Every structure is written in structure tokens, then in C-alpha cells.
């Protein structure tokens with residue numbers, strides 16, 4: 001496996017290696033973020049503190065977006081299959097594999113929107129925030145399809161394994177995420193604050209990005 005990883009970085013131009021490494025790193029971090037979020041939600045369901053899982057969930061999602069941007073921006077300077085900026089930003093405009101490229105663009109936009117919602121969460125209705133949370137596994141599923149379809153290294157055993165784990169995880173996380181999205185706030189603000197205090201954190205955890213440190 002180590003030899004395969006070394007060959008991965010040795011093949012092709014530096015730009016192409018950055019594109020591939022950036023995309024795979026972003027995907028692996030998104031998988032980690034979703035897995036950690038599921039672990040935190042499981043502990044929350046057992047009325048236990050999320051421990052380190054929530055921090056891993058948040059930080060991995062934020063780093064995943066950064067590496068996703070590296071992947072997308074490197075496509076603009078790829079000498080072999082260059083993308084125009086509009087092809088990266090607007091799903092469906094890419095001339096190379098337009099459907100597969102659109103899946104990647106949608107996944108990137110989805111993660112970016114969720115991170116933006118983290119900063120706007122104070123002004124968002126609770127129901128809207130929970131509905132946005134349901135988009136996390138959807139973004140992972142889109143990224144999985146993008147990787148299977150257009151990924152240069154999708155033929156590699158370890159990459160196929162990673163993509164398979166991510167796809168299964170996204171399908172497994174979707175029901176739980178939908179439950180979070182449509183969960184009623186039982187008893188209103190007072191009970192919500194009580195649950196937050198019992199869990200040692202804000203009851204509406206950010207699905208991706210930094211945790212908000214201010215008071216409720």
C-alpha cells in the first residue's frame with residue numbers, strides 16, 4: 001500500500017498530483033467529519049457528552065473544504081485538462097465529463113454552504129439549521145459518485161475502498177441526519193437549554209466547521 005501511495009505522487013505533473021491529492025484528502029476529511037458527527041450524535045442520543053467527536057467533526061469538515069478548494073483551484077491551471085472558472089463554479093458547464101464534474105461542484109458548494117451556515121446560525125431558525133444539517137451526508141454521497149466516476153485513481157484498491165466506505169457511510173448517516181433535521185424542540189427554549197447543559201455543549205451542534213463559542 002505504501003508503494004502505491006508513493007507511485008501516486010510520482011506519476012504525472014506536480015499540478016496533476018496536487019489535483020489528485022487535494023481531492024482525495026478533501027474526501028477523506030469529509031468521511032472523517034461525517035463519521036465523527038455520527039459518533040457525537042450517538043452519544044447525544046444516550047444523553048452523554050460528545051467527547052472529542054464533535055471537535056473532530058467540526059475541524060475535519062473545515063479542513064475538508066480547504067482541501068476541496070485546493071483541488072478545484074488546481075484544475076484551473078492543469079495543462080492537460082484545464083477547467084475555466086465558470087466550469088468549476090457552475091455545475092453542468094464543464095466540457096470534460098460534465099455530469100461527473102457537476103457532482104463535484106455540487107458537493108463543494110454544499111460543504112461551503114454548510115460552513116457559511118455555521119457563521120449565520122445565530123440568525124437562522126432552528127428548523128432551517130436542522131434541515132441544512134441533513135445536507136452533510138448528501139454532499140458526501142455526491143463526492144463519492146464524483147470520485148467513482150471521474151477520479152483518476154478510482155481504479156486503485158485503496159481509493160476504491162475509501163470511496164466505498166464514504167458511500168456506505170453517507171447512506172447510513174442520511175436517516176440519522178434527517179431525524180436531526182426534523183426533530184421537534186420539545187418543551188421550547190428552556191428544555192433546549194437544559195439538554196445543552198446536560199450534554200456540555202450547544203444543543204444544535206454545527207455539522208461542519210468551527211463550534212460557536214458564544215452563549216446561546
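Each residue, glycine too, has its Cβ placed from N, Cα and C.
The annotation transmembrane segment is assigned in TrEMBL to 24-42, 54-77, 99-118, 130-149, 161-182. Taken from TrEMBL, the feature region 'Disordered' covers 191-216.
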*Taking the transmembrane segment (161-182) as the first stretch and the transmembrane segment (54-77) as the second, find out whether 3 or more Cβ pairs fall under 8 Å, excluding pairs closer than 6 in sequence.*
no
*Beyond the flanks of the transmembrane segment (99-118) by at least 6 residues, Cβ under 8 Å*: 23, 30, 61-62, 64-65, 68-69, 72, 83, 87-92, 124, 129, 132-133, 135-136, 138-140, 142-143, 145-146, 149-150, 206-210, 212
*asked:* Please report, as numbers and ranges, the same-chain residues at least 6 past the borders of the transmembrane segment (130-149) whose CB is under 8 Å from any CB of it.
replied: 23-24, 26-27, 30-31, 33-34, 37, 61, 97, 99-101, 103-104, 106-107, 110-111, 113-114, 117, 124, 159, 163, 166-167, 169-171, 173-174, 177-178, 180-183, 204, 207-208
